[in-house]
Each structure stands twice: as C-alpha cells, then as structure tokens.
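Since the structure comes first, as structure tokens, the remarks are kept for the end.
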C-alpha cells in the first residue's frame, strides 16, 4: 500500500501545529516527507515551496540537524537551480543567517554563564570545585563553558558552510553566492580562531578549483575560461591570503599565493595594478616570515617598481620611505655562499635550485635573483639617490667604501637611527640581518689587509657582537664563503690565507675589495703573465695585428665574391623551400586543426555521455541511499515509539533503566518487546510469591479486626437509627406545611384570571376573520404568477429545442463536408506517393542503365587507349629506324637551319620542302595544346551532360612533333624529277608555305572554325547545370588528364601526327555536309585567286584540309608517281592513316 503524502501547503500547516504543541521533530518529519516525495518536487512553484523550505531549515537549525538540512538543500537546488536562482540564493543566505545568529547567541550565553559563576560569591572567588577542575583539565571556566555551550553550535555552523560550498561549487548561476559563502567561512575561522577548519577549507576550495579546471563546460557547470569566474576566484584567493596572514598560517598563505599566480597566468586580461601591488606586498610578507631575505627583497623591489610606474599621486615622502625599505631589505640579504653545491647532499624532495626557480616564477622573474643582481637593479633604479642621507651612507659603507676599522661604528650609528626613529618602525626587523652582513664584510676586508690579528682586536672592531657570536661567524665564513681562516686559541689569534697552495675556484669579490688573497694571486699568476706578455707583443710589433686584420679582410672579400652567386641562388632556393614548407605546414596545421576539432567534438560527446551516465549512477545511488535512509528512519521511528510506549509503564521504565542509549540503539522493536514480556513474567512470579507469603498474615489479621469491630458496629447502628428517625419526622413536617401554602396561592391566582375569558374569545374571532381574507388574496396572486411562469417556460423550451435541432443539422453537414475533403486529400496524397515512387523507380532504372553504359564505354576506352599506345610505340620504333637510315645518306641539299637551296638546283614540290624551324613548330604545338585544353574543358562539360565521347586534345603537341620529324620530310626527290622540273616555270623561286598550318588558306579555315566554336559556346552551356548536379549525385566519373568520352566509336589510327583526335562536341555544331561544303567553297575561292602551282610540279591544294570530293579531277600522273614513291619509302607508315 502506498504511503499517504500531504500537499505542501497542508504539510506546512501540519508542521506549524506540531510546533505549537511542542513537537518539532514531528514537524520536521512532516516537512521532510514533502521533499522526499518526488510527486511534489516539480509540480509547484517557488512561491509555494520557499516558505516550506524556510520552515524546514528553521527546524533543522533549532534541532541541530545539519545532515537533514543538507538533504533538503540539495533537493531544493535540483528543483530551482535552472528555474529561479534568486529563490535558491535567498534560502541559502537565510539558512546561514539563522545558524550564525544561534552561534552568536550561544557565545553570549557562554560568556554570561561564566560571568554568573564569577560573580556568584565575591568572598570565595576560587571555590574548591574550580581549583580541582583547573588541576584536572588545565582549562578555565570560560573554556569549559565554551566547550559545553558554544562548541556544538560552532560545529553546526562549520558544517553549514561546508554543505553550502559543496552545494554551489558547480553551478554557474550561483558563482557570486559561492564566493560570498567562502568569505563568510574565512570570517568564521577568524572570529572563532579555528585553524584546523581553515586548513580544511583551503584544501576544499583548492580541490573545487582543480575540478573546475578539469571538468568540461556542462549546462550549469562553471568554466574557468570566463573572465568573471577568474576574477571571482582571484578575489577569493586574495581574501584567503589576508585571512591566512592574520591567523599566521604561513603555509596556507604560500599555497594561496601559488593559486593566485596560477589564476593570473591563466587570465588573458592583465590584473589591475592595485591587485598586483597587494599581491607583491603579501608575497614579501610571506617571504619575510619564512626567513627568505633574498626573495623578500626581490618582492619589495617589484612592489617599488610597480608603485613608482603606475601610481600617479605618489608623494616624495612615500617614495623616500619605500626606497629606504627596499634598500635596507636588499642590504640585509646574507652574503651568498661560495659552496651552493653543498645543498645537493641534503636529502630533500626538491633541490634548492628548483625551489628558487619556483619562487622566481611567483615573482615573474626569468631566473632566480641573487644579491648582486638585486643591488645592481637597485642602483639602476636610482634607489640610493631617493633615500635620506643616512641610508645613502649605509649603502656606500657596505657596498662601495673599504674601511674595515670604522665599518662597525658607522653601521652602529645607522642602527641607532633606525631604533630611535618612530617613522622607521618597519625597518626594525632588518637590524639583526644588517649586523650579520656587517660582521661578514668586516671579516672579508680584514682578511685582505691583515695576515693575522688578535681576537680581542677583532672584537673591538666588531663592536655589536660577543666572542661566541664572532667565533660562530668565523666558522660559518670558512664553511660557506670559502675563506681561509685559522683560529689559534693558544695564542688567541686569527690567521687569514695562510695556505698558498689551496684555491679551488676563481675568487670574485662581492663588494668593496682592496686586493686579492695570496692564494688567489698564486692561482692566477699564469693568467696575469699571459695578459702582460700579450700587451708587450702588441707594443713591440704594433703593425702585425693590423696587417693580419687586413689580410683576413681581403680573404673574406675574395671568398664573398666567389660564393655570392651561389649563395644568392641558395638563398632564393631556400626561400622557395621555405615557402613550400610554409604551405606544407599550413596544410598540416589545417588538417591537424580539423582533426583536433573532430577529436574535441568526439571527446565532448564522450564527456557528455560519461557525465550523463555519472549523473544517472549518482541518481541511482541517491535513490538507494534515500531508500535505506527511509528504512532506517522507519526502524528508528518504530523503535522510538516502542520505547516511548514501554516507558509509560512502571515495568517498562524499570527495564529501560537497566539499558543505556547505545544498548537501546542496538536493539530492535521485537527484542525490546521480548525483554518487556520477560520482565513482566519475572515481576508476576515475584508478586505471586509475595502474595503467598502474606496470605496467612492477612487472613489472621482480618479475622481479629472483625471480631473487635462487632460491638462497635452495634453501638453505632443503634445511635444512627435514633438520629435518622428524628431527621425524618422534622423533614416530613416541613413538607406538609409547604404543600398547604402552595395550594392556597394557586386557588387565589385562578380566581383573579376568570374575569379575562370574554376578552380572549373576542380577540381570537377578529384575528381569524382578518387573516382569512388576506390568505385568499395572496393565493389568487400566486396562482396567476404560476400560470404566467409556466407559459413562459414552455415558449422558451420550444425555441431552445428548435435551435438545438438546427445546430445539430448544421454540425452533421459540416462533418460530412470535412469527411469528404479528407477522403479527397488522402486519395490525392496516395496518387502523389505512387507517382513519386514511379518517378524514383524510373530514375533508378535510368541511372542503372547509364551506369552500365558508362562501364561498357569505359572498357572500350581502355582498350582503345591500349591500342593507341601500342601503335604509338610501334611507329616511334619505325621512325627511329627510318631516321637512322636517312642519316646514313646525309641529305646535303636540305640542311636544317642552313640556307635553303634555290629553285634552280631542285624544283621540288611544295610538300617536300623543309620542315619549319623548331621554334615555329613549338609555337604551333603550343597553340594546339591550348586549343586542345579548350576542347578538354568543353569535353568535360559534355561528359557532365551524360555524353560518352573522349577527346584527347592534350596529345596534339606530341603527335605534331612526331609528324614533323617523320621520314617523309627528309627523303630526297629522284634526280629525274629534279631534272624534269622546268627552270622557267611559272612557279615561284622562293618557298611557299601556304600549304602549312598557319598559311592564308589554313588561317581562313581556322578562323571559320574558331568562329563556329564561339558560336557553339552558349549552346553547350545552355542546359548544363541540372544534369551536372544529377551526375554529381550519381557519382559520375570525370577524368582529370584531358581525355573524355565521346559518342563516336574510337578510331584505330596510327601514331602519326595526322591522327590527332578531332573535337567531339559536334552535336551543337553545323552538320558535317554543310561544313565540308563551306570548306570546299573556301578552297575554290583560294584556287581561283592563288598563282598556278601545278606548273612547278607541286600539289595544288592544302593537304591538311578535307580530302577532295568525287567531283574533283584525278591528280596528274607525275603526282601519282611521286605519291607511289613516297608511299614505298614510308614503309607502310601512311597505310593505316584514315582520311578525315
């Protein structure tokens, strides 16, 4: 059976009733049932749930149930974090405010309790109890009162802060509230001095920040890449740093500084100068507390630079005070050790160099600072000139002047100035470090002046240290600063630099120095000798070095002239390589970016799926825990009710008194009932035994009492009977007298009323008459009104029923019309679907047919290409063999590139003249290639329209060149023909190249062809788009090498240049008969106007054009004989050539 649940508003009323009767636990259970019931979670708005939530949290605070408050807050967040964030914020702030108020009230109560105890007895302030308690626990009354009264509320408030932070850490809408609660938690730790809770709070916030940086941006997730989030985190860490410094938790302060630096590095926006100044100030304080004087001075120097550069209203006094602070902190840095490698023998997690590098990163420095570098930076910034005269003298005495006898006296005056000046309170911590640096300077300067010195004399010079401190500094200087010092306690003397053979490293003095140590002089003797000898050689031979430099310069110039062209080409080539490399890298970057984008998208998808799975698992886990908690709560409730029920009985109280709280919690209701029954049985047995033991006593005692009572009872009854008789007689007499008096009064009253009978009868008659007429009149009016209302209602019912019948008829007509329209629409939709399906099947059949035709044509094309390649290879081999035979005969009458023979030496025919120059052939070949490319483009367009022709215009250049080099061009004419040619013929003596490509006739023919091509352009592009799209959708193949499909079958031709393929886009051109007729007419016109070439023995027409028709006359016999001889000499080369 399902559990009965109340509506939220009813639950709130019920909870208020429980509170009024003093049952807050029942009220809290009632409200908790509402939040546990998912039926009401999302059915009501925040206006209904928010008052209930406030009451729920109020009860949790009153009863100190922080875990129950956490459960309710999480449920409320899930309901309203995406709907109304302000409501969630108000609820959380109200909860924390109530917890803080109760904690403050507990603190005031604790203080008041201690005050009452203290003022209880002024004569006995120290009571024996207080003395014993202080001896046992070591606490005073305030501590004990706080532990009993204040500490539970402090713990509750701390748990409340932690729960709210955990609640809001992943909600981007509540970022400001999250950081406000973090600051409130810091204030809580400061107010109640909770250092351990402060450390846990810092760890919790650091863990939350790491989770934000790792997690992806969800729907309500917090993204660290947003500027607002970064600024809020930065402000919170700065507040954390201030709180840690106030509580003197320097380790937490250092971790906060690391977090702040990481956030500033992560932010794309530069932090404001005020934030940076606060950061450097706190960092310098942390370094000072850690005893790291070097980085403390570096942080102060960064703060001084930032303030000097960015603060506009900086006064001279402030600048002087900051400069003095920086200068004194820098001078107080201990002198660096000459043995930094000693630290690597110390077992630690990180080496000192790594630690120093990490600290330098916090200051924004590229490398760790040193004392020398900081002093150099201080001098560069002109800090010594900004301070007062005393501090300027301090710098000069420590870092510039060499005066060991007066050094300590001078420094002592500065120390006195710092200690006596109230404005120098910030500089007091540097006094001891300054004294140590001064003593070390003194020892170093004394070692450069004296070889030995008395201990007492050195103590006089070091005025502000005793003998033990001085000896310790001497030992430390030997250990860390690589100084040769020997103390002779017998003679009470100190010896410096006695071992002249020991000097492990180069000595670089830090600060003022008079001379180097003797061991250093001996170690660098060879270096000094080399320097002196080099200087002497330059003085003895002053021109040698100049001549060497001039010779070296000439060699460099000559070498430059030798390699400049090569280097120039190399640089240009390198530039080209760089450009290619850039293009390659750009392509790689683009590909990588695309791959990265795909990978990120995939990772984002996987992360979303994982997050969704995690949320589902968490939801299941929460449901499981909630179910377990409900079962446990039911058990506890039943146990509590059972215990309460048992405690109401005497034997139950007795049984419970034998058990403690832990024992009761371990038992369940059945075990308690069992113990109760056992207790009842035991008590019953005890009672039965007692009764049996007392039965005899009671029996005899009762019998004795009754025997003694008999005479007394008889006397009492006799006296009582006499008294009762007297009382009855007196009472009866009084009753009779009263009855007689009442009778007399009633008779007198009746006599007085008899005279009013006639008046009564008259009044009744008049009243009856008057009311009868009024009744009749009202009855008539009522019947008339009733009849009128009946008629009106009948008329209204007739009209209403008539209107209802009309509306029903219209509704039926409308439904019939809609039904018919729906049937027509469904029929039309079915017809359209059938037509679409038919069109789709038709398109698929057409595509399949075209695909099969394409595959068939493609096989034909591959076969034709293979045959063309074989013919080309065969012809190239034949041409090569023919070329070898002709080179043996050495055609002397027609040398290539030389002077052409005159007409008198040989009147060869027009087609036997030498081939054009290579450049002319190449030009014409290039022209063919260009026109071939145009044909390829047009052919590609026809292929997209579904054509199946293939145009190989790209091969025209190769075939033309092969034809130009073929054997017929270099064969000799027979001597008989040369002799038979008349020398006085009308043929021109110079060469006529009109038959060649590019002549006048061919030019007209090409112009006409080009004009036709231009006319065909628009017709080719007229219907190209849709078919191209359809072919692209079908995945139509398009060749990229220039060849394309044609509608005509492939001709098997030879490898000669005359076999170049023709244009395949003829479907849009003029018919072939009309084009041939135009060409013949053009030729006829040209023959009529051209000079007669037949007399010279040449061919009359241009052989490159279309062949002669049937109507033309046969060629002359001499031409036929010449043709036979050429064919015989070509070795069958022209037999396979088909006429166009």
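Glycine residues also receive a Cβ, built from the backbone N, Cα and C atoms like all the rest.
If you compare 902, 908, 990 in Swiss-Prot, the phosphoserine annotation sits on 908. Per Swiss-Prot, the range carrying the annotation region 'Disordered' out of 502-544, 545-587, 588-630, 631-673 is 588-630. With DSSP classes pooled into helix, strand and coil, the tally for the region 'Disordered' (588-630) is 43 helix, 0 strand, 0 coil. Residues in the compositional bias 'Basic and acidic residues' (829-899) partition by DSSP class (helix H, G, I; strand E, B; coil) as 61 helix, 0 strand, 10 coil.
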